[in-house]
Each structure stands twice: as C-alpha cells, then as structure tokens.
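Asks: Dropping a structure here in structure tokens format, bear with me for questions.
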Amino acid sequence: MDLKKQYIIALDEGTSSCRSIVFDHNLNQIAIAQNEFNTFFPNSGWVEQDPLEIWSAQLATMQSAKNKAQIKSHEVIAVGITNQRETIVLWNKENGLPVYNAIVWQDQRTAALCQKFNEDKLIQTKVKQKTGLPINPYFSATKIAWILKNVPLAKKLMEQKKLLFGTIDSWLIWKLTNGKMHVTDVSNASRTLLFDIVKMEWSKELCDLFEVPVSILPKVLSSNAYFGDIETNHWSSNAKGIVPIRAVLGDQQAALFGQLCTEPGMVKNTYGTGCFVLMNIGDKPTLSKHNLLTTVAWQLENHPPVYALEGSVFVAGAAIKWLRDALKIIYSEKESDFYAELAKENEQNLVFVPAFSGLGAPWWDASARGIILGIEASTKREHIVKASLESIAFQTNDLLNAMASDLGYKITSIKADGGIVKSNYLMQFQADIADVIVSIPKNKETTAVGVCFLAGLACGFWKDIHQLEKLTTLDKKFKSTMDPNIRKTKINSWHKAVERALKWKEID
C-alpha cells in the first residue's frame, strides 16, 4: 500500500465538544474539525447531554475533517475513537433512540446511594478489590441503576430484552456501524464499577449488587481490536471502501498512550481545568494505599492488560480562570506568567490552596475549602497569581509522591500536556518542586494521537513503538534548578496550609 495516500482519523469526543483529526503516516495533522454540544443541568448536581446531539456533532466533524483534508473514504485506513469516560447512554436497540439523556461523569445525583453502599465496609472493600475504584457517583454503575429505577421506558425495554447500555464509545460505535456492533474496550469498561480488572470480564456479582442486568452490557474487546466497519452512508452517498474502527480508549488512557508512556513507571499529567495524573504500572493491578484509582490503561490483542494508577487535581486551570472571572485581577490567562515573574522581584511566602469543592487524593476531604495564607501589607496581585500557578504544581507533587509511595520508587520525569502547559512559569516550578524533568511534546493533541497510534499499530500503518517514538518530537523540557532546602521549606509551607484548609465546613 502507498502509505503517502493513507490516513487515520481520530474521533475525539470530549465533555463539552467533539473533534475529528486526520493524520498522515508521518503524524502530520492534515485537517481538524470541531463541534460543541449542549450540557443541561436539570437539578442541582445533575449533569446531562443529548446522546443524539453528541452523535450528530461527532459525525459532522468526521465528515468535515475528511472533506477539509480532501481525501476519499477508501484512503482512510482506520478510525480510532477516544471519549469522555464514565458518561452513560441507554437506548432501544430496535430503533436506536435513547431512553433518557446521557448522564455525564460529573453528575452527582447518586451520591446518597453511593453513601449507603459505602456504609458497608465489606462491600466497599470488595468493590475496590475487583474494580480498583471507590464507590462514587463519578462512575457508571449507579447512574445506570438510577435510569433503570426512574425511567419507565427503560424498565419496559429491559423486560422486553430491547435495552442496551454503553459508555460514549459504545454509543458512537453502535451508530457508526448502523447497530451491528455493541462493544466497548477494556479501558472504558474499567470505569463502570461493573468490570473485574483482575479477571478482565464483567462481574456478575457487581452487576447484582448495583442491580444492572449483564444482558444490557456491551461485549468487551481489547483496545486495538476490530470494532466493526463504518457504514458507507456515514461518509457520502457514493463512498467506496471499507473503513474499520481499530482503536478505542478512554480519554486519559489515550493521552497516556499518546505520550508513549508504555513502560512501567512512566507518568503523564494533563494540565487542564483540573489535572489527571496517570502512571503506567505494568501488568499487575496494584491497589493504592493513598486513595488513588487503579484502572486499566489499555490491552493490546494477544497481550496482557496494562494497568495505571490515576489521581486527580480538582482545581488547576480553574484557579487561573477564577482570578480572571471572579477576582478580576487578570484579564486573560496569558498574563499569569508575567505576574508570576514580577512577583519574584519581591518574594513572599504566600500559599494558595484552591480547594473550591474539597481536595482529592491523597487528602480526600470534601469539606476542605480554599485558603490563602501568608498575606502581608505588601502583598500584591502578582503574589496571588504566582501562588495560584504554584498550587497546581504542589497538588501534582502530592499525587506523584503518593504514586511513588505505592510503588516504592521515586518518579524522575513526567510528560505534560493540556491547555496550561503554555505557562513556562508553571512548568519550571513543577520541575523544581517535584524534582523531576517535565517534557512537553510538539503535538499537543495527545488524546487523539493516542488512538491514532493504537489504530495504526492494529492495521500495520506503523510497525512498533520504536517507529512511533521517531514520530514524536519534544517542544520543551524543564529541569529542576531549585535548592533542595528551599524545596523542602516550600513543601512544608504548602502542607501547613493544606492542614488549615481541611475540614473547613465542619467549623460552621
């Protein structure tokens, strides 16, 4: 085959928008198309989206990207799909219509149900051992249970054996294949609270616990399996050639693969509104003693699964947005580096803990609230901006230390991606405070690149990881220049501030 005239399209379905990106054999980005879709908040803590709007938006970007690239469908060698995780859709398999809106991963409507389950420590332990996850509204199981209990049409279709469940990847695959394939991959299945990550299969015991019938669940495949062919009517009326779906990964796992964190101990951090830190831990699902998640990273066909430890920072870029929108002390996020550098001229020991809605791992305190300590009469806006950027690095450092403690070795480097890696001040401070090398790739679309790589390996577009390494180039690298004693002092100040932020709501 003439590789110069072959392409891979990555479908990247995110939480607020979806994109399609066309890549060539040299990983050049030939074309990109993006569409946003609506999010609804019908009640406090409820977050929903329209599955049909997601589908039409994603399909439109796929068609648009192909047309922008001026390529034919028969020149597309494969498609890969990456998606927002945990979000659920239930639909009628006879007409393809959803029975309810998609319940999004941030949705908290099942918090009381999760709390009830968590009161039983035996159940809590069993679920963690099987899934690597805590019982939390974030994950899919209790969302499914809510629809089955509260939507009469769902109950009726379930009794008639006409109901199907899927995370967003399953929903898109089912639509792209015109209902021929009801499947998911191991990375998405591992986020449902229904998948045994040791046995690598749906757990009948967990399905019974959460009252979810196994019959509505998709078949679980390896991450670079054959997920079916995209029907020609989704390209154009005169489309020729069969285009297979050859890779599926949850978005954070896709970023891990896109950063080529393919060896145990390799770490990536996606710096966005929040942060997602994932570490490849190899083929054994080590359970964290520091409340990190253990999840399936990916599984290649005829290979054992690869697992990851995952930790989240709730507020990262959101802290900078808060400075702009709420405090109005900066006009754009781009100004943050300028002010942070300005603050270095009059250094202060100012610490900001942005616990707007609690703190995640390793603290796990929903009652924690934001706090700024060390304010003096000479404190100016630049000191608060600097402390805000530094808070992102401090929180990431806490996660890296938790991962290192779980696995018994020091982390020496991380690969960074996401919107706020543009901040040179943040990246340098991250290297300094964690004493790591921070590497940033030239191609910032690491999520899409991850499924592109996986699809390309599956269909022979690329031979192996070594070939992929030659396609990835570094944009920037940051190394620590901080004195170890200064680092220790700064971390101690951070932890003192965190201690004061914990259990704040209980003071009322």
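Placement of Cβ uses the backbone N, Cα and C atoms for every residue, glycine included.
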Asks: Per Swiss-Prot, which of Y138, Y226, Y307 sits in the glycerol site along with R85, E86, D251, Q252?
Replies: Y138
Asks: From T270, T273, T472, grab the residue that Swiss-Prot records in the same ATP site as T15, S16, S17, G317, G419.
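Replies: Answer, per Swiss-Prot (ATP site with T15, S16, S17, G317, G419), from T270, T273, T472: T273.
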Asks: When neighbour density is defined as the number of other C-beta atoms within 10 angstroms of a residue's C-beta, which of the binding-site residues S17, T273 has the lowest density?
Replies: S17
Asks: Using a Cβ cut-off under 8 Å and a sequence separation of 6 or more, which residues in the same chain sit near Q252 (glycerol binding site)?
Replies: R85, T270, F276, L278, E310
Asks: I'd like the number of other C-beta atoms within 10 A of the C-beta of D251 (sn-glycerol 3-phosphate binding site), please.
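Replies: A count of 25.
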Asks: Using the recorded glycerol site (R85, E86, Y138, D251, Q252) as reference, state which further residues of the same chain have their Cβ within 8 Å of the centre of those residues' Cβ atoms, listed in sequence order.
Replies: Q84, T87, W105, R191, G250
Asks: Within 10 Å of the Cβ of T15 (ATP binding site), how many other Cβ atoms are there?
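Replies: Total other Cβ atoms inside 10 Å, all chains included: 19.
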